[in-house]
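Q: Taken from TrEMBL, the feature domain 'Major facilitator superfamily (MFS) profile' applies to 1-394. Residues or ranges marked as transmembrane segment by TrEMBL: 7-27, 39-60, 72-90, 135-154, 160-178, 223-241, 253-271, 283-302, 308-330, 342-363, 369-390.
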């Protein structure tokens, strides 16, 4: 499936599934807001389904290493068809919680499988390592924008369209992936464009030849992602309620929240084109200044435009460490790509649980704007303290490899 191109069928799979993921997550949070959940209750709901996501990632997410990624994805989409059918009849709080848990199990297992398939297939084809991860992140982050923008609107006006999309997508992809595996085998059949295969010239890419340093950076940026992403996930989970309490109608909330996802997409594109961050701790640390900047901006968010800008920067706080974490994780040679994808998605699952849970406390205790500011500043201090500590522990590692 594919010719001499930049993207292929499984990027489309990632894109379309990401739309479903964010339609469902915004449906959950918007429905909870309509049902009168408190900030802390919305946070607890997100914590529960995200723990399911994390558990699914670490237990089922690397199944593709054993049975094949395409086969694992086929089983998962068949499961998701029935979950979507159940979601269509979500009419009370208990069903909402159950649906949240069931869909969390799917996405926790799915994303490691597609990450593993892409990493193994494209490395075999000789695609530049940063372009493997950046093209994947571009595919799912562009889908996020659509899901977040339309989720609250459809929740209020036509929730059946959300689940009709999930049902149709799951059914179609079951058959298309089965067909692809029969025709092309376990890996992706794809002829990459020449510029995807170009050899790197930057000395900073030498980090790829130092497995110990790669492993250390992998751990560091997973920790940083878990911390910095709390700001982003708090915005996604609590902005529907925060925005409605500010006097803006719920169906319009998605068009302000989508700023966070636009921030994610812009960052992924920028870090794909400009790669000087690879192996460069100083540049990486400077880029992480977006975390405290988000807190400062939130204090000025007194209009829809400034609220959108705050959400935009919240997206930056997630996308920057995400790019670092997935790059150093999936580019590790010594371990299975599915396993590394599973660990990465476990971190994401924990983040999407503890982020809204912690954020709910700050929003409820200090109010929307000031609560977000306090949270972002506190997280910034912890992030930079973590980086300084871990860098001090590995002095000389970059030299020894």
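Cβ coordinates are placed from backbone N, Cα and C, and glycine is handled just like the others.
Here the structure is a predicted model, which means the values were calculated and not measured.
Help me understand the surroundings of these features in the structure.
A: Proximity of distant same-chain residues to the transmembrane segment (7-27), defined by a Cβ-Cβ separation under 8 Å and at least 6 residues beyond the stretch ends, is recorded for 1, 73, 87, 103, 107, 110, 114, 117-118, 135-136, 139-144, 146-148, 150-152, 154-155, 159, 162, 165-166, 169, 173, 176-177, 180, 188, 190, 236, 240, 254, 257, 261.
Long-range contacts of the transmembrane segment (39-60) within its own chain (CB-CB distance under 8 A, at least 6 residues past either end) are made by residues 28-29, 32-33, 72, 96-97, 100-101, 103-109, 111-112, 233, 237-238, 241, 342-343, 345-361, 363-364.
Taking Cβ pairs closer than 8 Å, the transmembrane segment (253-271) reaches residues 22, 26, 30, 134, 137-138, 141-142, 144-145, 148-153, 232, 235-236, 239-240, 243-244, 277, 304, 307-316, 318-320, 322-323 in its own chain, all 6 or more past its ends.
Within the chain carrying the transmembrane segment (283-302), a Cβ under 8 angstroms from the stretch's Cβ atoms is held by residues 224, 228, 231, 276-277, 309-310, 313-314, 316-317, 320-321, 324, 369-370, 372-377, 379-380, 383-384, 387, all 6 or more beyond its ends.
Long-range contacts of the transmembrane segment (369-390) within the same chain, counting only residues at least 6 positions beyond its ends with a Cβ under 8 Å from a Cβ of the stretch, are 216, 219-220, 223-224, 227-228, 230-231, 234-235, 281, 285, 288, 291-292, 294-296, 298-299, 301-302, 310, 317, 358-359, 362-363.
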Q: Which sequence positions outside the transmembrane segment (342-363), separated from its termini by at least 6 residues, show Cβ-Cβ distances below 8 Å to it?
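A: Non-local partners: 38-44, 46-58, 61-62, 104, 108, 111-112, 115-116, 222, 225-226, 229-238, 242, 325-326, 329-330, 371-372, 374-375.
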